[in-house]
Amino acid sequence: MATKTKTASSAKVGPKGITFSGDTFVVPETHDMVKTLFDPTVRKSNLEFIILACLFSNLLVFWLVPENSLRIPIFIGFYIFWRLSYNFGIGYLLHNQSKYNRLVEWSRNLRLFDAKSNSALSKFIIAEIKSQRGAEYDIDSYPIEFNTWLVFRKFVDLVLMSDFVTFICVVWTCAINNNNEFLHDQKIWLVNTRLVVGFGLIVFNFWVKVNAHNTIKDYAWYWGDFFFRQINNEELIFDGVFEMVPHPMYSVGYIGYYGFALIAKSYTVLVIAIFGHFLQMIFLHYIENPHIDKIYGPSKNQINLFKLLKLRDLKNFDNLKPLVGLYNFNYLRGSDVMNLILVGTYAFVLPIFASSAGNRFDFVFFLAVGIKLLESFSINTLLTLQSHSKFFTKWYLSNDIPLEKSLNNWAVIYNSLINLTYASLFGLNFYQYLQGFTSELLFSQWLYLRVFVGLLLIFTQSWINSSIIDSIGYFGWFYGDFFIPKSYSSMQHLTKAGVYRYLNNPEQIFGVCGVMGVFIMVPSVENLVCCFLWVANNFVRINFIERWHMIKVYGEQEVLQDSGVTKTFKKHLIPEVISRRLSNDTENNQNIRRRKSSSFTITDSLDNFIKELKTSKTKLSKQKLIELSQSLSFENSDYKLNVSGLQATTEKDSEYLPNYVDVGSPIEVQWTSPKETHSERDWIGLYRIIQTSYSRNKTLLSSSGRWTFCKESSGKFTFAGNKLFWEEGVYEFRYHLNGSHDVAYISEPFEVRIPSVSVPLDDSKSDELAKDLQVKFFSKLLNTRSVDDSISEAASESDNVLEVYKLLSKIISQATNVSIGPKVFLQHDAPNTVATLSSKIIHIKKVLEELSNIQN
C-alpha cells in the first residue's frame, strides 16, 4: 500500500511477522484503503490511480444516460458484477491461498519480484511496489509472502471500493426516481422517522467499521493471516465491536445497507442489500471460517475431545440426539412420532376442520392461548419444584430409575409442550389464512417490508437456538443443571464460548423474536396477545427461575459477570465515570446479597412457608395424652396392663412426649385380672390412639390380628413381628372381656418411632450403613441374618410381598431421609440384598446433596 517516504531505520520498527515456512521479518506500517486512496498527503501508486479512475468512471453513467429509470438497472448490473467479484473472485483467491499457498506459488513461478526477470509483468509489479513503498524499499529483504500480500491488497481495494460506490449509486438513483420519491407519499413524521432511523443505522455501521479496523488493523482487514502470521498475535481478538457480536464485519457490518434502503424508501435497494449480505454470509461460511478454524482453531486432539464430550452428553438421552422441535426426528422413537402427530394436528388438522365448520376463530385463538398458559404454568412449576426440592429427581431415584432417565423424560415433556405452543400459534395464523385474513389488522401498510422483517426475526430465533445448542449442548438446552449434578456432567462451569461470549442470556429476546416476527407479518390483536404471553413467560422463566438456580449452582461471579455487549457499551458508549459507578454498584449489590440472610427467590419463600407449617403444630402434654387415652373410670379398676420395654424420652421437651419404642422392637405386656371374673376368652389388642380415642368403653375398630387371648388371670405376652404397627404414632393396649369389645382397661400411651439412620456420602462406608439397616429394620421385619441375605427370598415368605416392599420403602425413607420406592426391591440387575440397597441409598443421597449444594 502507498505510504509516505520512510527512513531505513524506521522501516525496522514495527510488529514482527513470520511466514508459514518460518522466515521472520519486521512488518512495515500500512494504511487503510480510504486513507490510501483519498488522503492527498499519501503518495499514490500506479494501481491506485487506476482504481481512482475506475471509481470516478461511474459518474459517466449520469452524464451519458440522462434517463434515471435506465441508470438503475445499469448500476444494479455494476453492483452485481463487483459483488460477485468480491465473494467469488477474492473468495477463490483466498481459498486457494489458504489450502495450497497458491498466490505465493504463482508469484514464485512467475518470478514477479525477481529484479533479474525480463518479463513485462515482473517489471510492472516491481514498479508498483516501489511506487507503494518508496524507492528505498528493498524487495529482496522481505519474504515473497509479504510482497504478494501487497499486490493482493490492490485487487481488494479495487473490488471493495467499486462494490461500495456502485451500491451508493444504486441507492441514489432509486431515491431520486419519480421526482425524489423518497421524500413524498408519506406523512411528514414518518418521512422524518425513516430518515433519522436510516442515518442512525448508517452511523452505527460506520462506527462498527472504524472500531473493527482500529482493533484488528490492516493485517486482518486485508486477510494478512492467509499469507503470514504476526508474532504475539496467535489468538483471535475479542475486543471492541468483536466482543459485541460474532463476525461484526459480516453481521452488523452490513446494517448500514438496510439504513440506505430505509432512506431511499426502495424495495429495490432492500433486495440489493439482502442479496449482498447473503453472499457475504456465504463468503464467511465457506472462505473465512474454515481458515479461522485452520489457523486459530483447536487442535485435532481438542476437536476429538470436544466430540467425545458431546457423545458423553448424549448418555442422558439414551445415547441418541433428543428431539428439539422436530429436529433430530427419529421415526423409531415413539415420543418423536407422537410429537409429529400432535404438531400436525394442532398446526393443520384443527384449523382446517375449524375453517370448514364456519367461523370458529375464537376457538382456535383460545386454544392457542390455553396451550401457552398450560406450558408456562407446568414448565415453570416443575422447574421451581425441581430447583427447590428436587421433586423430579427424587421420584426417579426412589423408584430405582437411573438418574439420566429423569433428564431424558423431562426433555420429552418440555419439547412436547413447546412444540404444542408453536403448532397452535401456527394453526391460529393458518386458520386466518384459510379465512382470507378477515380479522382486522392493527396496521396493513408495507406488506413486503413486514414479511421481510418477520421472516428475518424467525430466522434469527432459529439461528440463535442452534447457536445455543452448539455452545451448551442438549444438556444445557434442556436445563440439565436442574436435574444432573455437576460431577455427573461435562459442564463444570458456565460457558463463555459461542453466542454466550456476546450475550449472557441470548434467549432473553432472541428466544422469542420469531413470535414477534409473526405479529409483524400478521399484526392482529390475537397475535399481539400471543406475543405478549411468549415474551412475559420467557422473561419470568429466565429471570426468576433459571437465573437464580444458576447462581445456586455456579455462583454469582460466573452468572452475573458482564457480557461482551455490556462491556463494549460501558467502554465506548457511556462516560468512563458512569461506567465505573455502574461496576461499583454491581459489586456492592452482590456484596449486599451475600450478607443478607433472607432470600428473594420463589423456592426459598416456599421453603420458609413449609418450615412455618411444621413448627406451628400444637403440642400436647404427656398428661393430656394419658387423659386422652385412659377413661377415668379405670383408675381404680382391678384390671391392670403394664407395658415393658419402653424407653424414656430424653429430649429437651420430654414433658410433651410419652415413652417410646423403636419400630419393630418387641413389646412385652403384663396383665392382671380378678380370678373370680376372669374368662379364658379375655383378650388384649394393640391400637392407634387417633383411631380409638372417640370410644373409651367399647372398641369399635378391628385389631387386624394385633391381639392375643389372656387364658390366665395374670401373665405376659410379647407382641412382635406382624402383631406390631410398623409406622410412627402413639399407641395403646386395651384389655377386653370375654371375647367381646367391651373395654376393661387401657394402658399408658406410648410412641412408636422410626430411628434415624445417618447416610454417609462416602461409598467406602456402605458396609456400615448396611449393618445399621440390617440391625434396625431387616432383622426385625424379614428375619434376615446378614447384609448379604436376599431380601426377595426373605420377603417371599410373607403372604403379600408387595405390601412388605411398600412397608420397607416407607420405613427406610423416613429413617434415612432418602426417598425410595417399592420398585427398588424389584430390580434384578444386581443381587437384591441389604448391602446393594445401602449402595443405592448412598448414591441417591450424593446426587441430591450435590443438586442441593448452593454456592456462596
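Just so it is clear, glycine is given a Cβ too, placed from its N, Cα and C backbone atoms.
Topology check against Swiss-Prot: Gln432 and Ile689 carry an identical topological domain name and occupy the same side of the membrane. The transmembrane segment (509-529) shares the most Cβ pairs under 8 Å with 363-383, out of the stretches 156-176, 267-287, 337-357, 363-383. Long-range Cβ contacts of the topological domain 'Cytoplasmic' (358-362) within its own chain (Cβ-Cβ under 8 Å, at least 6 residues beyond either end) map to 431-432, 435, 439, 526. Here the topological domain 'Cytoplasmic' (530-856) returns a mean pLDDT of 78 for the predicted model. In terms of DSSP helix, strand and coil, the topological domain 'Lumenal' (95-155) has 43 helix, 0 strand, 18 coil. Sequence-distant contacts of the topological domain 'Lumenal' (209-243), counting only residues of its own chain at least 6 positions beyond either end whose CB sits under 8 Å from a CB of the stretch, comprise 1, 15-20, 24, 27, 30-32, 94, 97-98, 103-104, 143, 145-146, 148-149, 152-153, 156, 249, 252-253, 291-292, 295-296, 501-502, 564-565, 567-568, 571-572. Most Cβ pairs under 8 Å to the transmembrane segment (267-287), among the stretches 188-208, 363-383, 440-460, belong to 440-460. In the topological domain 'Cytoplasmic' (358-362), the DSSP tally of helix, strand and coil residues is 2 helix, 0 strand, 3 coil.
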